[in-house]
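A short write-up of the structure that comes next.
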Amino acid sequence: MQDLLGRLVRFLLALPQPTIVATSIVPFLSSKELITSDSILSNLHSIAYVAIFYQLCFILGQYVLFPPIAAFVSDSAHSKRKLINQSAVHFVSLVQSIVILYVSISCLVSPQYSSENYTAEERIFNDHRDTEIVCVFAIGYFIWDIYISLFYSTLPFVLHALISTAVFCIGLKPYIQYYAPIFLLFELSNPFLNIRWFSTKYFKGTKNKLLLIFQLINNLLLLLVFFFARICWGWYQIGKLLYDFYQIHDQTGFLLCETIVIVTGNFILNVLNLVWFSTMLSIAVKTITNKSRSVKKTH
């Protein structure tokens with residue numbers, strides 16, 4: 001699995017920059033000062049390739065993987081099409097979480113990243129190819145996520161994708177690039193979340209004991225990992241980032257507008273995580289309460 005993910009990452013990054021990007025798009029964006037970061041301009045094609053890869057995964061799910069499966073659990077044509085579309089979105093989310101966790105964790109454990117004691121200045125201003133790659137894969141996915149959420153999701157998810165795109169574009173500039181793999185550890189909860197979604201849609205009302213035990217374990221892990229990765233880790237790291245900003249706020253490279261976007265964006269995301277976690281807890285409590293009532297009725 002690790003070797004397969006490594007090959008996929010290297011393949012996407014090795015794809016050549018199209019001539020039109022090098023000769024027309026990049027010079028236009030640079031000359032009009034629409035994008036001033038050399039790092040973003042030099043990685044535009046890789047970001048596009050990542051977004052295209054996730055769209056291909058979506059098409060694979062939409063037209064190959066899920067149509068035959070959805071036929072067994074959905075009666076009407078409308079509900080079947082809706083289930084297929086939602087399944088394809090969750091399939092991409094699952095693939096993305098695995099890919100971005102591989103890229104992020106590979107970066108975090110690399111000797112260049114883990115063996116150094118970084119100062120606040122280095123955490124805010126430094127860049128490295130490993131953290132750059134993390135930003136490229138994050139931006140590519142979140143750009144795709146903006147597009148797909150407009151068609152198949154709700155406003156909070158569109159907002160999440162827009163904020164995430166803005167934050168990781170700032171990271172690629174580079175600015176707080178050090179924190180890119182750190183904040184992407186949020187994605188540790190996504191595999192459990194997507195497994196829960198698939199199990200509730202395709203195995204609803206199952207009586208299979210092994211499957212029920214699997215669902216229970218997955219749901220418990222989802223709550224635990226979501227709480228520790230998104231709530232505890234998320235609020236701790238935003239506090240650490242704020243202190244770094246405070247330490248370097250009077251230096252030349254400090255970017256006030258970008259800092260406001262990052263702090264505001266991360267605060268909104270952390271609040272959304274609290275809302276989603278409270279929703280999951282209320283669903284879990286409701287499920288346990290309903291089950292206990294049904295057990296009492298049988299006795």
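One-based numbering along the chain as shown.
Heads up, the Cβ atoms here are built off N, Cα and C, so glycines get one too.
TrEMBL: automatically predicted annotations, no manual curation.
Sequence annotations record features per position, and here TrEMBL assigns transmembrane segment to 47-66, 87-111, 131-150, 182-198, 210-236, 260-285. Per TrEMBL, the feature domain 'TLC' maps to 82-289.
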Over the domain 'TLC' (82-289), what does the predicted model average in pLDDT? 91
Contact set of the transmembrane segment (131-150) with the rest of its chain, CB cutoff 8 A exclusive, min separation 6+ beyond the ends, reads 9, 13, 39, 43, 46-51, 53-55, 58, 89, 92, 96, 99-100, 103-104, 107, 113, 157-158, 160-162, 164-165, 168-169, 171-172, 174, 177-178, 180-181, 184
Same-chain residues at least 6 beyond the ends of the transmembrane segment (260-285) with CB under 8 Å of its CB atoms are 156, 159-160, 163-164, 166-167, 170, 175-176, 183, 186, 219, 222-223, 226-227, 230-231, 234-235, 238, 241-242, 245
